[in-house]
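Encoded as structure tokens, the structure appears first; notes follow it.
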Amino acid sequence: MRTAHPVETVRAAEAELMALLPDGALMRRAAAGLAAACCSLLGKGRVYGSRVVLLVGSGDNGGDALYAGARLARRGAGVTAVLLGGRAHGAGLAALRAAGGRVTEDPYEALAAADLVLDGITGIGGRGGLRPEAVPVARAARGSDAVVVAVDLPSGVDADTGEVDGEALRADATVTFGAYKPGLLVDPAREYAGALRLVDIGLGPYLPAIPGLEALQHQDVARLLPEPGAESDKYRRGVVGVYAGSDRYRGAAVLAVAGALRGGAGAVRYLGRVGDMVVRAHPEVLVHTGPWDAAGRVQAWVAGPGIGEGSDPETAMGHVLAADVPVLVDADGLRHVTPGAVRERSAPTLLTPHAGEAAALLGTDRAAVEAGRLAAVRALAARYGATVLLKGSTTLVCGPGGTGPVRVNPTGTPWLATAGSGDVLSGLAGSLLAAGLDPVDAASCAAYLHGLAARRAAGAGGPITASGVADALPAAWRDIREP
Ligand SMILES: NC(=O)C1=CN([C@@H]2O[C@H](COP(=O)(O)OP(=O)(O)OC[C@H]3O[C@@H](n4cnc5c(N)ncnc54)[C@H](OP(=O)(O)O)[C@@H]3O)[C@@H](O)[C@H]2O)[C@@H](O)CC1
Ligand SMILES: Nc1ncnc2c1ncn2[C@@H]1O[C@H](COP(=O)(O)OP(=O)(O)O)[C@@H](O)[C@H]1O
Ligand SMILES: [K+]
């Protein structure tokens, strides 16, 4: 599991460790790791003679850049510092000068010739976006041919929330110290960070066991995915009920069922208006057309994709929410849930909104949700007392209450932004619920598999369809099982 810790936690861990070490030892560790990462980014044999520009702010983030710059200068790089704050880390500046580095008043001339730029303007002490004097310099760095490496964080992003208030520096890579910060894993900040590298400075034993954010990796998902045993039968593997589709949105039912069939449940039962079409597309589905209470055994429900509005869907959602089994509510189904109704349920509920639906549930606008995804997913989980999976460029999952660690999905591709792919995801997550995973695991494993399947479907990069994502799910599952 990859974990991220908020700034307050990182600072507390640093303080504990620093008390045991000689002055400046942590910063030297950080700078040594940073310089090593820069050497590998420049390439073997390319450090000597390379041109490195340091963008140096007024705090310790600038100190890291200066010490790393001194190391690179000692290996033969031409290192130039641009001082952007009113002051600069004194010992770091002295180290750079002693190693042969220099300070320039003309950042643009230095940047035009740079092979590597180190962004040490702000790290975890930064507040708000870049200040006006840093904006043209950051743009010139981005516009140059140099590799841009952010020190600890891209300057201008919020380390804890992933929000970007104003302008921030766009890096090709970020070398972060001691622990990932939540903002490095959550859009919009994540996009500014580029490839991530973590430098171990010995903070591990001083960090709490429960992180602010966590990202599943292959082996975590492999451990959680259900696998049939010798004694399995279709009912023991779980039956997932799907209530989806309408005369207007028929495909939503087919796609949700396609996801459900590939999620490890033993059987899929369909209720809704388009059973004929569903069974034509998926003959293995059990279609029920009678009253709700005669639907038969179901271990988890997926309800909402393409059901539309009106009294019929409202009544049906009432039946689903009354069931004493886990329920996933997606898409149109989200119009029919209230915090009170969800809180009163006897079994867990999983809500899977995209940013627009989340905004409607929170009474805000879509842009606000997209700018503050972490806050939005926590607020929804707290308000509904439910697990929430917030879809989009970064998919987040938060357990009921909103206070525990948030799971961030590390797989996926922007090619997933295609109609119907969310329906496949809801079927898949519902199937994992029926197979017995708890809602946070079901949601995060589903997002992981869905993202991998999308990458497989997209190959080297190219348009994909929701059906293509569903078709790629078994191969993604195998990739996880047998890496
Ligand atoms: N602690 C440790 O042991 C270790 C820490 N390490 C390193 O230290 C970093 C944290 O250092 P830090 O605390 O000095 O904060 P930092 O991010 O440099 O910013 C400080 C100053 O920037 C300014 N400023 C604020 N906002 C701004 C803005 N938008 N745009 C421009 N300027 C802005 C503001 O100063 P002001 O100009 O307001 O006086 C503020 O005081 C951390 O990220 C890691 O790199 C590593 O070496 C490992 C060991
Ligand atoms: N920019 C993006 N990058 C990665 N994944 C995305 C992006 N935009 C959307 N997605 C994913 O695509 C799916 C779209 O789901 P949804 O919005 O419900 O669409 P639909 O209702 O058409 O099925 C979700 O899994 C979401 O996380
Ligand atoms: K930085």
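Using N, Cα and C of the backbone, Cβ positions are placed for all residues, glycine too.
According to TrEMBL, the protein carries these features:
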- 10-209: domain 'YjeF N-terminal' (DOMAIN)
- 60-64, 123-129, D152, A252, G306, H354, D423: (6S)-NADPHX binding site (BINDING)
- N61, D119, S155: K(+) binding site (BINDING)
- 217-480: domain 'YjeF C-terminal' (DOMAIN)
- K391, G392, S393, T394, T395, G422: AMP binding site (BINDING)
For this session: Please list residues from the chain of I124 ((6S)-NADPHX binding site) whose Cβ is under 8 angstroms from its Cβ, counting only those at least six apart in sequence.
Result: V7, V10, R11, N61, D152, L153, A159, K181
Seminar exercise, completed: binding-site residues near K391 (AMP binding site): from D119, R127, S155, H354, Cα within 10 Å gives H354
Seminar exercise, completed: One of the binding-site residues D60, G63, D119, S155, H354 has its Cα closest to the Cα of S393 (AMP binding site), namely H354
Seminar exercise, completed: The answer, for which of the binding-site residues D60, D119, D152 has its Cβ ringed by the most other Cβ atoms inside 10 Å, is D119
Exercise. DSSP on G422 (AMP binding site), three-state: which is it?
Worked result: helix
Problem set entry | Where the C-beta lies under 6 angstroms from ligand 3, the matching binding-site residues among R127, K391, G392 | none
Exercise. Say you check the Cα of T394 (AMP binding site) against those of the binding-site residues D60, G63, S155, H354; which is nearest?
Worked result: H354
Exercise. Just going by other Cβ atoms within 10 Å, which of the binding-site residues R127, H354, K391 has the emptiest spot?
Worked result: R127
